[in-house]
């Protein structure tokens, strides 16, 4: 399996420096590629999934890859696709986030220092020790401010007259230096990132060529949206996280089971590692039974992230909920510890906020008015409904938002 050919076939390709030469090198020798992740949260999410699948592909093709966690650059913040200065994250938060991100990645790839296992690095290791004056003297001359001002991440902010701090302006210099450092000490010759990173990546390519004259490349992936143009991994309830403590395997399964019909085959190629034969069968199934096709892709993608046991549980729960109208213990669960509240009763809008189906009581009210809320599969029409102890069947009720999001609410024993 040739890396670039498979990269293009799956739909990962957007833009590259000297694609012909990169293809030649990757077909004839081991490349060393790096992908970076900022550590702004305690888990990666579906929006990061394409980069993770690329790391898997590199490993499967026998190439070496490096994951760089931005322990240092996260303190600054990438201005790409941002309208305002990001909140400064503390060192303690960064360390917690790094631990969570590693857990996300370990679901998909193996870390080690053997021939083609993935190497995990934190750019804090080399950036924290940089002397500012020496950095300006040794590397500042290699960067053109004129060119930096034409980068989309900078240009768009200036055109919209939104503030761009000098702190953020330095981000692209540090990312470029990351590539130079990795090339010098780890023989890294390829940086891969999203299309919004093209300017930062090409600056790194230029820096390496100017300072060491080594042959390096940049490769970007498209910004992933669904058929409606919505960014991948975002829902009304926030990001779809990869770590199970932030998004249950069942909710992860439901996210993929709820994709649009037009996205099934595309997402199967991008995220499911379906073979050509499996894709052919899935295409035929999509034509005859779209729900079954979605169930298959949801199962396969959940299997990759959460393992067979959790994927089986999620599938069985979905079957019971939507085909047999039966709730199951594998649904996300919220436990009410103080049942005295239930003797008086809990307003439905308050309950929706408490269990996370609404962010505010006002939003809960709107969901009810839009016929979006059910309790034990019965539509809630009254925004003033009070949920009481007698509503619990066997000390459990199922609260549903639409057809796909369900939470078991239990009374503590």
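Cβ coordinates come from backbone N, Cα and C, glycine included.
Around the Cβ of residue 171 (L-tyrosine binding site), a 10 Å sphere holds 22 further Cβ atoms from the protein chains shown. Marked as L-tyrosine binding site by Swiss-Prot on the basis of sequence analysis: 34, 171, 175.
Per Swiss-Prot, the feature ATP binding site maps to 234; the stated evidence is sequence analysis.
What Swiss-Prot lists as domain 'S4 RNA-binding' is 346-411.
Residues or ranges marked as motif ''HIGH' region' by Swiss-Prot: 39-48. Long-range Cβ contacts of the motif ''HIGH' region' (39-48) within its own chain (Cβ-Cβ under 8 Å, at least 6 residues beyond either end) map to 69-71, 74, 86, 89, 94, 96-101, 103-105, 224, 231-234, 239-243, 245-247, 255.
What Swiss-Prot records for 231-235 is motif ''KMSKS' region'.
Per-residue pLDDT, averaged across the motif ''KMSKS' region' (231-235), gives 69.
Neighbours of residue 34 (L-tyrosine binding site), defined as other CB atoms within 10 A of its CB across all chains, total 25. With 34, 171, 175 listed as the residues that bind L-tyrosine, the site has a largest C-alpha separation of 17 Å. Residue counts for the domain 'S4 RNA-binding' (346-411) under DSSP, split into helix (H, G, I), strand (E, B) and coil, are 19 helix, 23 strand, 24 coil.
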